[in-house]
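Input: a single structure, listed below in structure tokens.
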Amino acid sequence: MIRRRCLSLLLLVLQSCCSPALAASPYLVGMGSYDITGPAADVNMMGYASAEQIAAGIHFRLKARAFIVAEPDGKRAVFVNLDACMASQLVTVKVLERLKARYGDLYDENNVAISGIHTHAGPGGYLQYVVYIVTSLGFVRQSFDVIVNGIEQTIVEAHNNLRPGKIYVNKGDLLDAGVNRSPSAYLNNPAEERSKYQYNVDKEMTLIKFVDDELGPVGSFNWFATHGTSMSRTNSLISGDNKGAAARFMEDWAEENVIPNQAAHVSSGNPRRVSALISEPNEITDDLIRLASSYKASGGTQIPGSNITRRVRSTQQNKPKFVSAFCQSNCGDVSPNVLGAFCLDTGLPCDFNHSTCNGKNELCYGRGPGYPDEFESTRIIGNRQFLKSVDLFNSASEEIQGKVDYRHTYLDFSQLKMNVPTSTGGQQVVKTCPAAMGFAFAAGTTDGPGAFDFKQGDDKGNAFWRLVRDVIRPPGPEQVKCQAPKPILLDTGEMKVPYDWAPAILPIQIIRIGQLVILCVPGEFTTMAGRRLRDAVKNVLTNSGQFDNNIHVVLAGLTNTYSQYITTYEEYQMQRYEGASTLYGPHTLSAYVQEFQRLATAMVSNKQVPTILQPPDLLNRQIELLPGVIVDKTPPGVTFGDASSDVPANSTFRKGSTVNATFYSACPRNDLLTDGTFALVEKLDGGNDWVPVYDDDDWSLRFKWSRPLPLSPNSFATLEWTIPEDAPLGVYRLRHFGASKPLIGSIKYFTGTSSAFVVC
């Protein structure tokens, strides 16, 4: 009997010890990522609305990254982060159609969120409203398709990777990655409200860490507010800007430090991809130099298109895939150009209220920490976010626990009504307006100034531009009154030719994963606007009794669609760029607060939020004015892939120096080489084996494309490799891949290499 009791006691002890471990993983978690790099030639970039900013190469590739969290027998939620300027309503609509065809009702508008990081260095033309595709010469189907395809593949991968796992949350301040670019508008908020906060921008980063029960850490997502404008409007290389860079650094760091059997330390330099198979010589010898000199430029060679992807990705196939996303938050008035805004002509600070220099906005520019090198500024701001993320990742200990839930609805923001307090303590009914943009919109920001005689803080406008406006579409008296004190430059909400210029029906969404609550907003909230929305929702949730004070509420900006800016009522009165770009009038934020409170109330009350509204699908009405590629040619006696400017013979390069080679090439629009590469650095390993070590998804290697003359069928590809300090010693060469279009016939793929050189 005693033996039986002891056995029973032992079983109880084992059960009590084991049960928490089983209960500690209440979720299935899945991560995914996929290439969404758009056309690297001829297409206008989205963000600055500068017609001169045309893509002409790749700084590093763009990706969609996703996580799925599911209760084993319950609800699930999907969050997708895009290396793109913003989400697109049309993209969201088409992604949801594909998910329905693939999975039925498992994923829909209620539990899928698609958010953009707000890089201003990605190809445009993928949104459906006229005002957002004017500078891209209308809709660009290639830009649109690669994003839709990439999101679908990302979600499929995350779905297929669903496995039991834990989620941890952590947060901390990052002080030197953003400043307020419209401080005069921020100061118009009530002093009592401003006194609650130490800074005039949000400094807090919130990170969630995903840990697979068997594989260990598999990813992290974080939310932090700073604009994707470290790269200027003169940049022509596709880039994920500072957040895309941070994601690259984090994923590369994870390969070396997080994934099993790798060294556990934080690299002091920029992380990079290098095959672990490569041997490193002990020293550079004359024999090694002679060996390099024996490998001359190969000349162009035709290849099957499939060889490109297999060649580049083969070295990564045996490693677990770690996915890290740096998501956008309430970045509306937050600039990464942390040194401040200065006049180009005098070097003095710009005018505080209007961001002008002698009355001109064109001369006022913000300076990043690497000024005057925008690539260095991008690296620094990205690296600061990366290092903070690593710190939060390594110290994350608060486990997320609780149910998965979500609420979503569509609203017509052109005619919402709400009650707001009056100055006398009463209540009044106000409403939103049809979309309109003010004069200060055309002034741009210190990240990218506008043109002509527009300036920020203009609440009057001028007679000439009013005349121009009235030729296009004069706003009616009711619209003028509704939008006041905004002087209307473009009455976009009432412009319908050839189709809608601006959205009216917008989605709002809440996703809950335990004590983490994500507010998905279709625009750029300013710092104080985001604070007010987060606090309003947090109050509803905590007052319900279902959450304690440990709730984490984050705002995910530029999600599911795009509707420009959302300021506070007080900031709107100042009519800086952000106020002029708050489409639906001075009470836009009040509308968001009211409607998000309704969503939150429905969530804690376990009630549904029915909606009869649906956004329009304007795909079949899109106008595409960008001409396609007609033909690619090379000069007589030259083959695609031949080197037009080779690496110097018998070259030896030190780490930190830059190697260039230029090849006769073809238009990158012929094939985006999705999940492949246009540029490659190869290292000689042993005998005659060339191993790929860096590609056009790496920070150190840039792919630049150019034509000798506009509309010329001839073109060139320049590969520019800045040798990392931790690159192994040895023999290297540059390789270019491309696809050419004959006048008649199908696309043909080619490659060519430079002469070899030694890195010492």
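Counting starts with 1 at the first residue shown.
Backbone N, Cα and C define each Cβ position, glycine as well.
Keep in mind that this is a model prediction, so the values were computed, not measured.
Database features (TrEMBL):
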SIGNAL    1-23  signal peptide
DOMAIN    27-594  domain 'Neutral/alkaline non-lysosomal ceramidase N-terminal'
BINDING   H118, H227, E524, Y565  Zn(2+) binding site
ACT_SITE  S335  active site, nucleophile
DOMAIN    596-759  domain 'Neutral/alkaline non-lysosomal ceramidase C-terminal'
Q. So how many other Cβ atoms are close to H118 (Zn(2+) binding site), meaning within 10 Å of its Cβ?
A. 29
**Q.** Packing count at H227 (Zn(2+) binding site) (other Cβ atoms within 10 Å of its Cβ)
**A.** 29
Q | Inter-residue Cα distance where the pair is Y565 (Zn(2+) binding site) and the residue listed as 'active site, nucleophile', in Å | A | 14
Q: Look at each of the binding-site residues, E524, Y565, and point out the one with the fewest other Cβ atoms around it within 10 Å.
A: Y565
Q) So around the Zn(2+) site, H118, H227, E524, Y565 aside, which residues have their CB within 8 A of the centroid of those CB atoms? A) Q328, C331, G332, V334, G523, G557, L558
Q.
Can you work out the mean pLDDT of the predicted model over the domain 'Neutral/alkaline non-lysosomal ceramidase C-terminal' (596-759)?
A. 96
